[in-house]
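Undergrad: Feature annotation from TrEMBL assigns active site, nucleophile to CYS30, CYS33. Annotation comment: TrEMBL describes CYS30-CYS33 as disulfide bond. Here TrEMBL flags 1-106 as domain 'Thioredoxin'. According to TrEMBL, the feature site 'Deprotonates C-terminal active site Cys' maps to ASP24. What TrEMBL lists as site 'Contributes to redox potential value' is GLY31, PRO32.
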Amino acid sequence: MAIIHADKELFDKMIADKKTFLVDFFATWCGPCKMLGRVIENIDNKGELPVDIVKVDIDQEPELAQKYDVSVVPTLYFIANGEAKGNMSGFVAENVLMPKLKDLAAQNVE
């Protein structure tokens, strides 16, 4: 799986294609976002990402942030088969995130 930086067009296509992925709504100026980014990169570097991670910069894509009611960054949305299945806000440690990513991957019907 991969880490993908998405704009609205790509994000909407992934939803329409009923993809399963984690959305990381972030801002470049946000300290906890940078910490979470390192956690995600660490998981990716180990080759353990069970789903794609879609990173959305709220300053570049405010319409998406508004659509998903993102008022705090980082905010994670768990998308299974094109539908939001839950979310979390704030920094998330690897030992908390990995089980959630595995659960999300298990919901994939592709």
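From the backbone N, Cα and C atoms, a Cβ is placed for every residue, glycine too.
Looking at the shown structure, what environment does each listed feature sit in?
TA: Same-chain residues at least 6 positions away in sequence with a Cβ under 8 Å from that of CYS30 (active site, nucleophile) are, in sequence order, VAL73, PRO74.
Non-local neighbourhood of CYS33 (active site, nucleophile): ASP24, PHE26, ALA27, VAL73, PRO74, each in the same chain, at least six residues away, with C-beta under 8 Å from its C-beta.
DSSP classifies ASP24 (site 'Deprotonates C-terminal active site Cys') as strand under the three-state reduction.
GLY31 (site 'Contributes to redox potential value') has a Cβ environment of 10 other Cβ atoms inside 10 Å.
In the three-state DSSP classification, PRO32 (site 'Contributes to redox potential value') falls within a helix. Counting only residues at least six positions away in the same chain, the Cβ atoms of VAL73, PRO74, GLY90, PHE91 sit under 8 Å from the Cβ of PRO32 (site 'Contributes to redox potential value').
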Undergrad: What is the pLDDT of the domain 'Thioredoxin' (1-106) when averaged and given as a whole number?
TA: 95
Undergrad: Among all protein chains shown, how many Cβ atoms are found within 10 Å of the Cβ of ASP24 (site 'Deprotonates C-terminal active site Cys'), not counting that one?
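TA: I get 23 for this one.
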